[in-house]
Amino acid sequence: STTGTSGGYYFSFYNSAGDVTYTNDDGGEYSVTWTSGSGNFVAGKGWNPGSAQDVTFTADYQPDGNSYLSVYGWTTDPLVEYYIMEDFGTYNPASSLTYKGSLTSDGSSYDVYEGQRVNEPSIDGTATFNQYWSIRADSRTSGTVTTANHFNAWASLGMQMGAFNYQILSTEGYESSGTSTVTVGSGGSSSGGGGRGGTTTTSAPSGGSTGSSGSCSALYGQCGGTGWVGATCCSSGTCQESNSYYSQCLD
């Protein structure tokens with residue numbers, strides 16, 4: 001794999017095999033072209049480390065076959081690979097995953113899934129680790145992803161994350177072909193809750209998290225962590241540290 005910085009953004013390009021061309025363009029833009037028969041690749045621009053931020057993106061995404069367009073990243077301790085999938089090609093990975101619940105954010109519902117990878121490549125070498133997925137019902141190729149809504153919903157479903165490693169707006173393909181030109185940016189941090197449509201999960205009471213009271217974060221909202229500039233109090237529950245990068249309002 002190849003990693004580095006370009007245009008003020010972190011980039012990552014992993015290619016297991018096949019004919020894949022990745023190009024770093026200006027700023028947060030990148031392009032990738034792949035041909036039929038290519039193995040698995042994951043490519044994109046973003047940040048290292050990532051955060052519970054609002055990720056903006058626009059994409060000219062033209063897959064032919066198995067491909068994903070996602071906010072993609074990793075955490076450590078625990079080691080987790082995660083996807084907030086905004087669009088995909090011909091294959092929805094849900095059939096191979098365990099359904100956990102659902103949430104609503106940024107104008108659409110998302111189904112939440114968990115999976116496990118055994119002795120597979122990771123940022124820590126060959127390892128066994130969990131995958132967390134939010135799969136958007138109304139696919140799109142541009143918009144804002146309020147990642148805090150997903151991280152909060154996952155936590156409420158018992159899907160714990162660790163310290164953020166890299167986070168990119170990724171194009172991924174497997175045994176497929178296509179082209180993808182993506183521009184990514186950040187809209188800043190969010191406390192989740194009622195932001196940009198709020199979040200509800202199947203394990204939450206009816207109505208779920210309905211936003212903050214005053215300047216404090218709502219239940220399941222972020223309330224602290226390294227680099228966090230939002231609210232540090234909770235309108236419901238208490239602020240509990242998950243790791244040095246992420247504290248959350250919990251019962």
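Each Cβ is built from the backbone N, Cα and C atoms, and glycine gets one as well.
Copied from TrEMBL, the annotated features are:
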type	residues	note
ACT_SITE	Glu81	active site, nucleophile
ACT_SITE	Glu172	active site, proton donor
COMPBIAS	185-198	compositional bias 'Gly residues'
COMPBIAS	199-210	compositional bias 'Low complexity'
DOMAIN	1-185	domain 'GH11'
DOMAIN	215-250	domain 'CBM1'
REGION	177-210	region 'Disordered'
Greatest C-beta neighbour count within 10 angstroms, which of the active-site residues Glu81, Glu172: Glu172
Rounded Cα separation (Å) that holds between Glu172 (active site, proton donor) and the residue listed as 'active site, nucleophile': 14
The domain 'GH11' (1-185) [mean pLDDT, rounded to integer]: 96
